[in-house]
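Have a look at this one before I ask anything.
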Amino acid sequence: MLNSAMSVVILAAGKGTRMYSDIPKVLHTLAGKPMVQHVIDAATKLGAAQVHLVYGHGGELLKQTLKDDKLNWVLQAEQLGTGHAMQQAAPFFSDDEDILMLYGDVPLISVETLQRLRDAKPQGGIGLLTVKLDDPSGYGRITRENGKVTGIVEHKDATDEQRQIQEINTGILIANGADLKRWLSKLTNNNAQGEYYITDIIALAYHEGREIAAVHPARISETDGVNNRLQLSRLERIYQAEQAEKLLLSGVMLRDPARFDLRGNLAHGRDVEIDANVIIEGNVTLGHRVKIGAGCIIKNSVIGDDCEISPYSVVEDAHLEAACTIGPFARLRPGAELLAGAHVGNFVEMKKARLGKGSKAGHLTYLGDAEIGDNVNIGAGTITCNYDGANKFKTVIGDDVFVGSDTQLVAPVTVGKGATIAAGTTVTRNVADNELVLSRVPQVHKQGWQRPVKKK
């Protein structure tokens, strides 16, 4: 069916006392992203013309964190219930648009479920998302008459008979803007909590002869809210299990799906293998036949075909061409670039550095602010000394250079093509093509040398 224009209200004013945190509840992260951001993203994908965020506690931190110019910030200075929260947003509703109500602490709600709810909303009525629970204790019950939804009764206000009802309200609903404003104006706080319940609009709509269509989500977990860290951790595992399942079904070999975390977006080729305890953050692309070893962290990086990243390596904001090998225990920091066939071994760190085709830095090396040519060998313990305490300087190494172990390259410095730098050398001046450079203190031998003896 053809949908009307739609705006979304996200309720995010709660303090989250049971989180025992100074951070507003909705800013606690799931899969590396604030819970409320998951909800905002779902609203955006659904095509919301406007997203109204109702906030209260921690408003400044919310604004600093979300930084979304498209959000309409609505202050709820006092938390007097969900109906009261919606009343604060009501002046922004257009009469001819639908209003979808969501919650900042219900992060797993899917676009697909919301679209079905939107499609099911009757003309002039309400679309209501409900679920059936074996133990509905604490939740508002859906009352029906001859199969039709007639209202919602909060648990504290329910009779013993009503508490036997298993169908409960998730709090997510959609209604026309003009209708919603009219119903909101009629809410009272005559209940056990002394609050204004948005759920009371269901009975108001029913008594006007309006239809209420109940829709169930694809998965109950979509409507699970978070009140404490235990609940958040459970939703994290549910989310990660879903992501792992999608990747397995799309051809990625996860050696242990229960020990894999996706905290962003992963694009991948064919025959990718990922071992246990790998974390993917931000936007990551893995080419064909890429292998990621156990315990690696890959963030905002592009990994080319046939690359292999050995265990416990960290790759952040880096770009690897085809057939590169990394680690184990390597660290590629922002700006690291490896051309085809390059190798970075154990305990090597790169930042703002390019390693040319077929070049190798095998062990215990720091390469920062460096441009390294093709077929270069970087010996163990080599350091580009790029920082003088105030400014960074660049090291340039040409093709086919051999850098011996324990070399210090004091930038700014350029090493020409084919040059050889002997082990233990400190390079402070430019080196010409094909030169041999060495700087060593003369070796001294003292026969019969005795070590000092500790004084008694």
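The backbone N, Cα and C atoms fix where each Cβ goes, glycine too.
Since the structure is predicted, the reported quantities are computational estimates derived from the model, not experimental observations.
Sharing the features that Swiss-Prot gives for it:
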type: ACT_SITE; residues: H363; note: active site, proton acceptor
type: BINDING; residues: 11-14, K25, Q76, 81-82, 103-105, G140, E154, N169, N227, R333, K351, Y366, N377; note: UDP-N-acetyl-alpha-D-glucosamine binding site
type: BINDING; residues: D105, N227; note: Mg(2+) binding site
type: BINDING; residues: A380, N386, Y387, S405, A423, R440; note: acetyl-CoA binding site
type: REGION; residues: 1-229; note: region 'Pyrophosphorylase'
type: REGION; residues: 230-250; note: region 'Linker'
type: REGION; residues: 251-456; note: region 'N-acetyltransferase'
Which bits of the chain, at least 6 residues beyond where the region 'Linker' (230-250) starts or stops, bring a Cβ under 8 A of a Cβ in it?
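Residues 28, 30-31, 35, 107-108, 221, 224, 257-258, 260-262, 266, 268 contact the region 'Linker' (230-250) from elsewhere in the chain.
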Of all the binding-site residues given, N227, N386, which residue's CB has the most CB neighbours within 10 A?
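Per the Cβ count, the most surrounded site is N386.
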Tell me the Cβ contacts of E154 (UDP-N-acetyl-alpha-D-glucosamine binding site) under 8 Å, same chain only and six or more apart in sequence, or just say none.
G140, N191, A192, Q193, Y197, T199
Around the C-beta of N377 (UDP-N-acetyl-alpha-D-glucosamine binding site), how many further C-beta atoms are within 10 angstroms, looking at every protein chain?
17
Rank the binding-site residues A380, A423 by the number of other Cβ atoms within 10 Å of each Cβ, and give the residue at the low end.
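Selected from the binding-site residues A380, A423 on minimum Cβ neighbours within 10 Å: A423.
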Reported in the order helix, strand, coil, what are the DSSP residue counts of the region 'Linker' (230-250)?
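Final tally across the stretch: 20 helix, 0 strand, 1 coil.
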Quick one: what's DSSP say for N227 (Mg(2+) binding site), helix, strand or coil?
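Its secondary structure by DSSP: coil.
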Enumerate same-chain residues with a sequence separation of six or more from Y387 (acetyl-CoA binding site) and a Cβ-Cβ distance below 8 A; give 'none' if the list is empty.
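Residues satisfying the criterion: G368, F393.
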Fill in the CA-CA distance, N386 (acetyl-CoA binding site) to N377 (UDP-N-acetyl-alpha-D-glucosamine binding site), as an integer in Å.
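Per the Cα atoms, N386 (acetyl-CoA binding site) and N377 (UDP-N-acetyl-alpha-D-glucosamine binding site) stand 19 Å apart.
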